[in-house]
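Enquirer: Pulled these features from TrEMBL for this protein:
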type    : residues                                                : note
BINDING : Gly93, Trp94, Thr95, Gly96, Thr97, Gly98, Lys99, Ser100 : ATP binding site
DOMAIN  : 85-227                                                  : domain 'AAA+ ATPase'
SIGNAL  : 1-26                                                    : signal peptide
Amino acid sequence: MAAVTRGCRSWGSLLGLLALVSAAAAAWDLTSLHCSFGTFCECDFRPDFQGLECDLAQHLAGQHLARALVVKALKAFVQDPAPTKPLVLSLHGWTGTGKSYVSSLLAHYLFRDGLRSPHVHHFSPVIHFPHPSQMERYKKDLKSWVQGNLTTCGRSLFLFDEMDKLTPGLMEVLRPFLGSSWVVYGTNYRKAIFIFISNTGGEQINQVALEAWRSHRDREEIRLQELEPVISRAVLDNPHHGFWRSGIMEEHLLDALVPFLPLQRHHVRHCVLNELAQLGLEPRDEVVQAVLDSTTFFPEDEQLFSSNGCKTVASRIPFFL
C-alpha cells in the first residue's frame with residue numbers, strides 16, 4: 001500500500017485552517033484528560049481522528065467494513081475517560097488487503113512519533129518468538145514487557161503480527177491484561193490498545209465476498225454479521241493460530257473481529273495510482289495497465305480477486321516505468 005503520510009488533508013481556505021486549529025486544540029484537551037493517572041503525561045499520545053479518517057478514505061481500497069469498524073471502536077474507546085477494559089481488535093483477511101497498513105496508520109495518528117514511539121510495541125512471531133521450545137521464556141518475557149511498559153505509559157499500543165504463525169499458548173499471558181479488571185499486577189492497563197493481525201479467516205471472507213458477487217449483491221451490502229461467525233470458527237479450528245484453544249476467545253475478550261475483504265481489479269488500480277502519487281509520478285495509463293496485467297487474480301473462471309491484494313504493487317511499479 002502507499003506510504004503513510006500526514007499530508008492527507010488539503011486546507012484550501014481560512015475555514016479549513018480554523019478547523020485544523022480547533023481539532024488540534026480538542027486533541028490537546030483530550031490528551032490532558034489522559035494525564036490524570038500516573039505517568040500518562042509522559043506519553044506522546046496525540047490522537048488525530050480527522051487525519052486517520054482522511055487517510056483511510058483516500059488510501060484504504062475496498063474496505064468499507066474495516067474502515068467503519070476501526071474508526072467507530074477507536075473513537076468510542078479514546079473518548080471514554082474511564083474505559084473498563086483495553087481496546088482489543090483482531091484484524092483478519094487475505095494477504096495484501098490492508099491489515100498491516102491500518103495498524104501502521106493507527107500508530108501514526110495516535111502517537112506523535114508513530115511506529116517510532118517508545119509506546120508502540122510491534123511483535124512478530126518470526127522475529128520475537130521463533131523457537132517453540134523456548135515458549136516458557138517467551139511467556140515470562142512478554143508478560144514482563146507488557147506490564148513494565150503499561151506501568152510507564154498506560155496509553156500504549158501493542159501490535160501482534162502474523163497470529164496464524166504464532167505457537168498457541170503464548171497469548172494466554174495477555175489474558176489478565178485484556179479483561180475488565182481494574183488493576184493487574186499493580187498496573188492500571190485499561191487505556192491500552194491491543195491489535196492482533198492474521199490471515200486466518202481470509203479464505204472464508206473471500207468465499208462470502210464471492211457468493212455476494214455471484215448473487216449480484218453490491219460489495220457494500222456485505223455485513224459484519226455475515227463474517228463474524230465464519231472468522232471466529234476459522235480461528236477456533238486452526239491449531240496454528242495464537243488464539244487456538246485460548247481463554248481470550250472463550251471469554252470473549254476481543255472487542256471486534258475486523259474483516260478485510262479481497263480486492264478486485266479496480267481496487268488494485270486504486271493502489272497503483274496511490275503509489276504513483278506517493279512517488280511524485282504522473283498516473284500513466286500504460287504503467288497502471290502493466291501492473292494490473294502482471295497481477296494474478298482468482299478464482300480461475302471469474303478472475304475476480306487479486307491473489308496478493310495490493311501487497312506487491314510498490315515493488316512491481318519500477319519494472320514498468
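The count begins at 1 with the first shown residue.
Yeah, the Cβs are placed from backbone N, Cα and C, and that goes for glycine too.
Keep in mind that TrEMBL annotations are predicted by a computer and have not been checked by a curator.
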Enquirer: Sequence gap of 6 or more, C-beta under 8 Å: which same-chain residues meet both conditions with respect to Ser100 (ATP binding site)?
Expert: Asp161, Ile197
Enquirer: On the DSSP side of things, how many residues of the domain 'AAA+ ATPase' (85-227) fall into helix, strand and coil, could you say?
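Expert: Secondary-structure composition of the domain 'AAA+ ATPase' (85-227): 72 helix, 24 strand, 47 coil.
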Enquirer: Please compare the binding-site residues Thr95, Thr97 by how many other CB atoms fall within 10 Å of each one's CB, and tell me which has the fewest.
Expert: Thr95
Enquirer: For the recorded ATP site, enumerate neighbouring residues of the same chain (Cβ within 8 Å of the Cβ centroid of Gly93, Trp94, Thr95, Gly96, Thr97, Gly98, Lys99, Ser100, site residues themselves excluded), in sequence order.
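Expert: So the additional residues around the site are Tyr101, Asn199, Gly202, Phe260, Gly309, Lys311.
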Enquirer: Using a 10 angstroms cut-off on Cβ to Cβ distances, just flag whichever of Gly93, Gly96, Gly98 is the loneliest among these binding-site residues.
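Expert: Comparing Cβ neighbour counts within 10 Å for the binding-site residues Gly93, Gly96, Gly98 gives Gly96.
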